[in-house]
Amino acid sequence: MKAVSIEAGEGSKAKRVHGVNRGISVFDLVLRIVALVGTLASAVAMGTADQALSFSTQIVNFEAQYDDIDAFKFFVVSNSITCVYLALSIPISIFHIIRSRAGKSRVLLIVLDAIMLVFLTSGASAAAAIVYLAHNGNTSTNWFSICQQYTDFCQRSAGSLIGSFGAMALMVLLIILSSIALSRR
């Protein structure tokens, strides 16, 4: 029997890069779906945060709602817009699974992902500052902590930050993955 030698040429290397890019594209799709769920959960959790104190009177109503604070409104809007963007970018991510060598659409996703990351970061940072003040107050300005009275509201608003900051980390990974796939093209 003769020994047959097989050379690894350009054809086998191209298939390997194509397979790696397809794997990156599948991971990109999964990360987009998880980030979408995180931003949706954050927007819903903050948007439904509401608590009234039990000793409210007919004249004075002690109630905490997300829409009383502009930073929380911005948080809900930024998470909602990012969630819609992620939903609209899923078909492009599926397209990248089918055609893993697509370049222009990857560049578009990198730019749009970066814009949405900045938007999401600004909303989450504004809300995080208010949640910090709600928990700790600021003694030099005589702002007192309200979380001893509004425990449910504070827990819900702080919990909504977790999904948003998680989605921010996933958006950073999405940008890195798209850049890697683009460089391997």
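Including glycine, each Cβ sits where the backbone N, Cα and C put it.
According to Swiss-Prot, the feature N-linked glycosylation site maps to N138, an assignment based on sequence analysis. Here Swiss-Prot flags 1-25, 95-106, 182-185 as topological domain 'Cytoplasmic', drawing on sequence analysis. Summarising the annotation, Swiss-Prot assigns topological domain 'Extracellular' to 47-73, 128-160. Per Swiss-Prot, the feature transmembrane segment maps to 26-46, 74-94, 107-127, 161-181; the stated evidence is sequence analysis.
Taken residue by residue, the topological domain 'Cytoplasmic' (95-106) breaks down under DSSP into 7 helix, 0 strand, 5 coil. Under the DSSP three-state reduction, N138 (N-linked glycosylation site) is assigned to strand. The topological domain 'Extracellular' (128-160): residue composition by secondary structure is 22 helix, 2 strand, 9 coil, according to DSSP.
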